[in-house]
Amino acid sequence: MGTNLSVPNPLGFFPDHQLDPAFKANSENPDWDLNPHKDNWPDAHKVGVGAFGPGFTPPHGGLLGWSPQAQGILTSVPAAPPPASTNRQSGRQPTPLSPPLRDTHPQAMQWNSTTFHQTLQDPRVRALYFPAGGSSSGTVSPAQNTVSAISSILSKTGDPVPNMENIASGLLGPLLVLQAGFFLLTKILTIPQSLDSWWTSLNFLGGTPVCLGQNSQSQISSHSPTCCPPICPGYRWMCLRRFIIFLCILLLCLIFLLVLLDYQGMLPVCPLIPGSSTTSTGPCKTCTTPAQGTSMFPSCCCTKPMDGNCTCIPIPSSWAFAKYLWEWASVRFSWLSLLVPFVQWFVGLSPTVWLSVIWMMWYWGPSLYNILSPFMPLLPIFFCLWVYI
């Protein structure tokens, strides 16, 4: 029949055909169906799908034969089930039986109660079972190598797992500081605008501030002088006001830092020579002696009087710069020295001072609050500098 190409039979009668005359069946050439040397074509019994059109199989009875395929009868042969798998590796394997202890650990069979007690007398082994100083029989001395034995065990097992609670608490502090810093930054950025509003309100007492830069020719709608657009003629004045406000804020911070350093005694300013308006500029100016201990600031200033001898004047441990300014102002303005007794008397009357402060706060408090409210965000920063410096 030829080579089997595994192609479905489109006509449906090979090899179950009965057209014996066509194949000249005789005694020498028997019927093809009975020929033992015929080519077993496994797909010959399968009628090609759509060979004669969609869903049409012509009747082949009589002319093409009487087989089920020739008659147009399609029989479905059930597929043979797959052979049973003998591979047990796909599922969960049963736990194999444990071999005897004498085969897996032959050295364990050599231990007995005497050998165990003898080994237990070793201080390194005993330290693992009994605390230092403890004993089961009372005859064994305390272990001496407890720390080394435990350290050797820790070196094998690794470091302990870090405590997550400590890690969380360590991260919580920086996060809170970051949040507080961001909050203060947003508040500090509002200081220039608030001061600008206060500045412009001085020109419109009792009225609503309106930008004076707009005119009838401009197409700009009415707006506040603190929110001028770039095309407004008052925009340059708004920028100038805010620049001056930034300089004032910077100067205020520097003054506070200077006062703080002076209060801490970190400004070693030499005082004035008694009876003079200036400090000495001679060679003795450089002979300052360091302070006691490890401080980097000098403890005294050497001045050169008229007789040529050096005189050491101690530097105040606190408010050195303030005292220097007061001495300098007292020399320049002699009438300031007359205020010292009055100030000392006024400070000594503590009830009077407190009543005066209360009265001034009650009378000028609301207006002072409106003036000082923009500077409120700076107070936490000043407090932190005062505490940590």
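Glycine is treated like the rest: Cβ placed from N, Cα and C.
Membrane topology per Swiss-Prot: Leu195 and Trp364 share a side, carrying the same topological domain name. Per Swiss-Prot, the residue annotated N-linked glycosylation site among Asn112, Asn309 is Asn309. Counting same-chain residues at least six beyond the ends of the transmembrane segment (243-263), those with a Cβ under 8 angstroms from any Cβ of the stretch are 191-192, 195-196, 199, 318-322, 375, 378, 381-382, 385-386, 389. According to DSSP, the topological domain 'Intravirion' (359-364) comprises 6 helix, 0 strand, 0 coil.
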